[in-house]
């Protein structure tokens, strides 16, 4: 009875160390008991520390040491516990616990039913390594290598990568090898994202995007890239970055014209500024071009989507126009006469792009001019006049006249289309894009200088183009509120080379009509253009390297190839007035209500006529 007074009514804790030689049914070994007789038993805490340290070795096989093993007798499943309750009893009610450990010596004889059943033996299972794996990730901040982590990788970028996905498997097939299973998509998500590799038609851009630049996603659309995190830098790097090169390279032309023109000799300027600016322009063009070349190599799908974009395609003229500016602004100390072969090399890609774009403007469809007309289209026009100016300065005749005629024909059509703002275009341009209106000034100012170089003098034809550019320049400059209240973006560089072109054409005009007014106007426009480029260059460097917000996620290249059917979402944005589709729905409702009113009026008129008869 004395031993019964010490019986504990509590269930022993599973995490407490239990010696394997004190419990019946455990997988104990006699040798372990012999080894532990002469050694001090380790504590439970020491055993847990030793077990956790052994799990960090990922590639070492587990070392089974019976001396430090922990055996916990647990049923393999809840179903077996239920069966044991039916067929027999694990422990009889008379089992006596000494110090919360069942004593095998005090266990009574088994019942008849239980004696027929074989004795249940539970073997200790190895501790799972998932807890140690998670602990290591928490403490070190990174996950060790694990093949199962491949499924956690975000595969949505693979469709835009050049050397992954479908292209990798095609190269493998060309080598005569069977693609591995790991190359195949492991889940349905990867299979669905592969469909966006195909080129998108023009109408898909108009359906999924809105705004004058087609860079704003409609409320009913979704993109194929993650919206909640920043994309890789090359995916965010747009083709419009070449507009920076246009602004800086045009400044080299300005500071070459100022010291060499007769009307500005009184300024006593040196060509050193032209030399420094020219080298800065060359370095800028090389850096921008190399980064975009990396985008072509690693993310060709993104470049292809920019090329098929109805508005972005105009920026593909920018690198070649920048090269033309560098050829015009080359310092005399480097080269005084450029070889005419350079002109043919630079104008070949421009002619190829014009054949594609101008043909689409004329042939109709979703890429007709009335559908895609935008101030950025002036970039595809300016290249003709800049090329004509460079060719005429090299002594060429027929080639510069050809490009001048092509540029003038399409400029008149584009000018009328943009001036009228046809109903197919966006009627309101956001404030962030107001600087692109200065592109109206670029084409006539450069055209006036090109015709003066072709004709040999600043005659009436050149003066007509110059006066048109000056009127457009002043009409934009007096609207101060037109350029307030918007954030910085790469579109601000649209200020630069049109203002520089207006300043250079004013210097050329002052050489023909030399007086105080023309000289003062030339100096003022030159100072304004130089300060604008300097301020924009500093601001661009600040946003690129300090604030790091110069290149946000480029939503325009991440649209899906299929339009989702989400009417609820459209009606939700109709309620909040945040979707452009709401205008179409409202117009439809208004027309429907007006037609119903007309039907009611006609019915009432017929009824009154019948009653009177």
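Just so it is clear, glycine is given a Cβ too, placed from its N, Cα and C backbone atoms.
Taken from TrEMBL, the feature region 'Disordered' covers 99-135. Taken from TrEMBL, the feature compositional bias 'Low complexity' applies to 104-116. What TrEMBL records for 275-294, 315-335, 341-358, 379-396, 402-421, 433-452, 464-483, 490-509, 521-547 is transmembrane segment.
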Stretch in 315-335, 379-396, 402-421, 490-509 most in contact with the transmembrane segment (341-358), if contact is a CB pair under 8 A:
379-396
For the transmembrane segment (379-396), could you work out the same-chain residues 6 or more beyond its ends whose Cβ comes under 8 Å from its Cβ atoms?
314-315, 317-318, 320-321, 324-325, 327-328, 337-338, 340, 343, 346-347, 350, 353-354, 357-358, 403-404, 406-408, 410-411, 414, 439, 442-443, 446-447, 449-451, 453-454
Could you tell me whether the transmembrane segment (490-509) and the transmembrane segment (433-452) are in contact, taking contact to mean 3+ Cβ pairs under 8 Å with a sequence separation of 6 or more?
yes
